[in-house]
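Participant: The structure follows.
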Amino acid sequence: MNNKSISPIILMILDGWGHSTNAKGNAIHEANTPIIDKLWDNYPKTLLSASGEHVGLPHKQMGNSEVGHTTIGAGRIINQDLVKISKSIKNKEFFNNYQLHNIYKYSCEKNSKVHIVGLCSNGGVHSHINHLKALIQISKQYKVMTCLHLITDGRDTLPKQAKLFVKEIIDIIDENYNTEICTISGRYYSMDRDCRWSRTEKAYKAMVENSCNQNSSSDILSIIDKYYEQNISDEFLPPTKISMHNIVHNDSLIFFNFRPDRIRQLLHSFAKPNFKGFQRKTIKNLMLTTFTEYDSTLSIPTVFPNEPKKNFLGQIISNSGLKQLRLAETEKYAHVTYFFNGGIEEPFPGENRELIASPKVETYDLPPEMSAYQLTNSLIEAINKQLYQFIVINYANPDMIGHTGNMNATIEAIEIVDQCIEKVLHTIEDTNNILIITSDHGNADYMLTDENKPCTSHSINPVPFILINNRQKKQTNLHSHGSLADIAPTILDILNINIPNEMNGKSLIT
């Protein structure tokens, strides 16, 4: 393929930028965005479904960054882990899973405890409470001491909903004398993914030591109430010990999150050789398993092994002899690389990656710009070098600031991204570069509930798709009623590369 004859494509993913005509709680509607408004009015555009069955999730289940980027890269609808695991519970295959029974048998033989760790909510983004309930059923069968280490959500759910989910678990374990809730911890601590090891360490110590944040009360609901009285929401609950059952030699440990990126640091604190995050305890003969593969470099058995995926967009670009660049800040780096490539860690031949560090702050509403300006400068530099035929860039701002629930900061973040788009447009103005602007899911478009309470979770609204090709501005029409699965076939169509049979998405170009 003659690379010089190709019009380079820039795929710009505005993370968390949904489309809604409802102005209430809509930071995108409230923001001053003259650039993207002009593009929407003057270039071919359509709306894409980014939630539910359109991205391999249950009906009306909100999309998320992992699923969104996987679907964009796949060019097909893939049944996501949430669906696969829930289906296995429904058809009872879950209760015959070899790896789970292996874990429980090990603890029976060693007369030790089984520890279950994961996000306790019905958010469905990283985990699901029904999967935890199914594990507790297996615990009843084996009658081994089972310790629950519950991570509270408040991000993919309402900010103060943890008591509802914990109560559901209490109702189950009241019938099961050998199961106890041993720790709680907000996901801010247990699910950091930006190497803020001081947060992970606090969660780790609650699980392995008696010295961490003990409570005189063993009533977990009262403990949560006390935190609420201090205006501490679920996401930020300090790691707290409820029962004195530590993780010790010969114990077993099950991680039930199915999405790996935010639980990986906590896993590493137990399992990674030559771990350097903080000083950890020596725990011998610890048997580990994870619901899905969290880290391919660790030989940890999984309950639901990865299914082989081939002919993702990045692989096809590479096989066609084209060069590509993936560009994101820390918070979304895994999404434009690992997830976009179908769970493959290593870059494809001809694929370069650039990571811009996210700011080290408590919450991202403190600097709504995050690293958007640095990202934009790197993108402009890459465009000017004329090395790449395909560039993927992710702007994290709408999603990450949207998750804070801070409306004013989110509006500012949206306006900053709009300014960055303007700089990119000036750069490609007199070139043959093609810019595609889209998103992976909604968030900043829905920040207030019907009860006027802050909403920090994603929305199920569609996302925009704008095709900016100055050489064919008036000649291109786009299909309506598309989905994220149609983006990769559209890009291959523009590049005049055959769309593989594995891609069941369709080109959006009519």
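For all residues, glycine too, the Cβ spot is worked out from N, Cα and C.
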Participant: Which of D15, D37, D486 shares the Mn(2+) 2 site with S65, D440, H441 per Swiss-Prot?
Facilitator: D15
Participant: Given that Swiss-Prot annotates D399, H403 as Mn(2+) 1-binding, name the residue from H426, H458 that shares the site.
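Facilitator: Swiss-Prot names H458 for this Mn(2+) 1 site.
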Participant: Which candidate from H115, H126, H128, H131 does Swiss-Prot annotate alongside R155, D156, R187, R193, R259, P260, D261, R262, K332 at the substrate binding site?
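Facilitator: Among H115, H126, H128, H131, only H126 appears alongside R155, D156, R187, R193, R259, P260, D261, R262, K332 as substrate-binding in Swiss-Prot.
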Participant: Take the Cβ of H441 (Mn(2+) 2 binding site) and count every other Cβ within 10 Å, whichever protein chain it belongs to.
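Facilitator: Taking every protein chain into account, the count is 31.
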Participant: Can you tell me how far the Cα of H403 (Mn(2+) 1 binding site) sits from the Cα of H441 (Mn(2+) 2 binding site), in Å?
Facilitator: 13
Participant: Here the binding-site residues are H126, R193, R262, H403, H458; which one has the lowest number of other Cβ atoms no more than 10 Å from its Cβ?
Facilitator: R193
Participant: Across all the protein chains here, work out how many other Cβ atoms are within 10 Å of the Cβ of D399 (Mn(2+) 1 binding site).
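Facilitator: The answer is 30.
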Participant: Look at the binding-site residues D15, D156, D440 and tell me which residue has the greatest number of other C-beta atoms within 10 angstroms of its C-beta.
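Facilitator: Answer by Cβ density within 10 Å: D440.
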Participant: Of S65, D156, P260, R262, which is closest to D440 (Mn(2+) 2 binding site) if I measure between C-alpha atoms? They're all recorded positions.
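Facilitator: For D440 (Mn(2+) 2 binding site), the closest Cα among S65, D156, P260, R262 is found at S65.
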Participant: If you count, for each of the recorded positions S65, P260, the other Cβ atoms lying within 10 Å of its Cβ, which residue has the minimum?
Facilitator: P260
